[in-house]
Amino acid sequence: MDVSSLLTSAGINIGTCVVLVSLYSILRKQPANYCVYFGRLLSDGRVKRHDPRWYERFAPSPSWLVKAWETTEDEMLASAGLDAVVFIRMVICSIRIFSIVAVVCIAFVLPVNYYGQKTAHKEVHLESLVIFTIENLNQRSRWLWVHCLALYIISSAACALLYFEYKNIAKRRLAHITGSASKQSHFTVLIRAIPQSPDQSYSETVSKYFTNYYAPSYVSHLMVYRDGFIHRLMNETDRMCQAIKHVSPDLSCNPSLKSCALCGPAATNSFQILSNETDSVKGQLGELTLTTTEEERPVAFVFFKSRYDALVVSEVLQTPNPMLWVADLAPEPHDVHWRNLRIPYRQLWMRRIATLVGAVAFMFVFLFPVAFVQGLTQLQTLSKNFPFLRDLLHKGFMKQVITGYLPSVILVLFFYAVPPLMMYFSTLEGCVSRSLRKKSACIKILYFTIWNVFFVNILSGSVIRQLSVLSSVRDIPAQLAKVVPAQVGFFMTYCFTSGWAGLACEIMQPVGLIWNLIAKVIVKNKEDSYETLRFPYHTEIPRLLLFGLLGFTNSVIAPLILPFLLIYFFFAYLIYKNQIINVYITKYESGGQYWPVFHNTTIFSLILSQIIALGFFGLKLSTVASGFTIPLIFLTLLFSEYCRQRFAPIFKKYPAEILIAMDRADEMTGKMEEIHNNLKAAYSQIPTCSEESSKAGCTSPCSDQELPDSEQLKPEKENHKADYIWAFQRSKSGHDLEVKSCPSASPNRYSPAFAEIYKRT
């Protein structure tokens, strides 16, 4: 690839970014789009809808950039949680590392590469990108010591910055643990694989076991029941609430029927008032004859008197059979993935193997689109295989578009199918928490991205050009050194398309914008109905780490990519901060557990760059540079092992010293009894809002107060609350059945009668 093709791709993507960002700065001011671009603020009730003056609404402005820049980490921590802060720290760490890398390599390595051979240089836009790589140096060149010295500076700076960031994030995680004194998960242990007894239910088995072995610390337990009719009924009620919200108030709500000569009476757009509880509940549920043993699952949440007691139970092996009484610290109540709790524990290892096989199989299937993309980058091969395209390919602009822009666009489009599939694989694994599922999907997408975007691209490009593959493990550094410089043009265009244009699409939210347009124009909803989205860590962290890998591996080989990566990181810092502040809502988090993924992948990228440089020094017959590179690899591995021993355990376990101090503080202040009383309510399986529902159609959050008497809220009075509850007729006492008034409402208290119905179904 020559510089003109690279500039063509850069120009197209820069134009796309400018257009999208300008459109965003205009569309975000339109009151009709507040639900798309201010979902978090609307859900928190911290934004007021207003109609700006006409000249303000249609003029692009950079005010959102200033707001994102001025937002501090403490503000983000208070509103979005630790995971959001850790992600922004990843971006900041990348900016710091590659600022040093860019200064060193652009100032010293790039001129050495460009003037490595005494040849007549063309105009810059006609030059081949190979001129800017280490391939332009002669064998045994005395300038190779510059590359070796730059590699030492890059490795030292990266390791130092990673160490201080790891130390800082570890302190933040410990502060996160101590700051969450009222978290119910610290007192709760999730018990799976409870043995079945023919003489007693699972609940009685759990009570007998923990009373026998943990009597001083055991408080109570809560069984997990199978999903039944009530669970489906409540999900349907959520959807009904959203549908009723947009019913025109001038419609008559009086029960009426229209006669039909052929099919009899037909219902109109009216509500039928049910006469009694038998019609509304018992008539729907029918006769329930399931026994308690059939209702319960062999899973329970067991509550203990102190955090330390729960920690001890979760860490020790309960029985000689590791497949029974499996104990782990429970996830947060909002983080529990209830559907996966019904999966038998003995199936989990088979599910993990099956999902691993499926993910690997999909990686090999993805070889075909990658090979197709690499075929587009090879102009001579493309002309040979498709003779009818020769005239088109010899045109200057079309040649630049096909070889410089089209391959990266096609690969990015293919990659849109990867995150949903990997999330599905992570769900099949049986993760008991949503944060763990998202982290598992993040790791799968990371492996998939690095393998297909980096390794498969360079290997398939080598096969297409030379019909050669790696011959042995010992030749891996040399082979990588040969093929990486040839793909630097593709990596740059991929940075433009997936990085720059991807960030512009992220801030535009095209899917949400189109859905909002459909709701306003076609469905004609009069009220805003919006989705409060979760931040897609499973897609954005792998993308960030991929560009870090490309930066390290090309730093001394082809440093021309570094300025473009720095632009991406700076742009990402502002875009992601804006999205975290305004768009994405935090319902659950992992407590900063994404940082070890970032650290380990960055170390892998650094070591891979050192191995590739070692291969190049060998190809250039520089024994001195090769000899100095080998100790650098071992020193980096030693640094990685030190960080793994020093910081990694903090992200896997809770320190007993901190938990004991928290227990003593709560006992002295008298908060322990209050926490114990709230444990069962926190992990109640009866959801007040559906687990996946994030709809917040109400302009203000619904209150926690009990619903008023239905006789005072008849539909004829055009009261929306009556619309929500009228289908459920209360019993004689008027308090046997309570329903929520809105999917976005905070938890209401459920009556024992309703809980009993749920357990029986």
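Along the chain as shown, residues are numbered 1 onward.
Cβ coordinates come from backbone N, Cα and C, glycine included.
TrEMBL has this to say about the protein:
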type	residues	note
DOMAIN	6-165	domain 'CSC1/OSCA1-like N-terminal transmembrane'
DOMAIN	186-340	domain 'CSC1/OSCA1-like cytosolic'
DOMAIN	351-617	domain 'CSC1/OSCA1-like 7TM region'
TRANSMEM	6-27	transmembrane segment
TRANSMEM	86-110	transmembrane segment
TRANSMEM	143-164	transmembrane segment
TRANSMEM	353-373	transmembrane segment
TRANSMEM	405-425	transmembrane segment
TRANSMEM	445-464	transmembrane segment
TRANSMEM	556-576	transmembrane segment
TRANSMEM	597-618	transmembrane segment
TRANSMEM	624-643	transmembrane segment
The transmembrane segment (445-464) in contact with the transmembrane segment (353-373), cutoff 8 A, at least 3 CB pairs, sep 6+: yes
Of 6-27, 86-110, 143-164, 353-373, whichever stretch has the most CB pairs under 8 A to the transmembrane segment (624-643): 143-164
Stretch of maximal Cβ-Cβ contact with the transmembrane segment (556-576) [cut-off: under 8 Å; candidates 6-27, 86-110, 143-164, 353-373]: 86-110
Residues of the parent chain within Cβ reach of the transmembrane segment (353-373), under 8 Å, 6 or more residues beyond its termini: 407-408, 410-411, 414, 418, 421-422, 425-426, 428-429, 444, 447-448, 451-452, 456-457, 460, 464
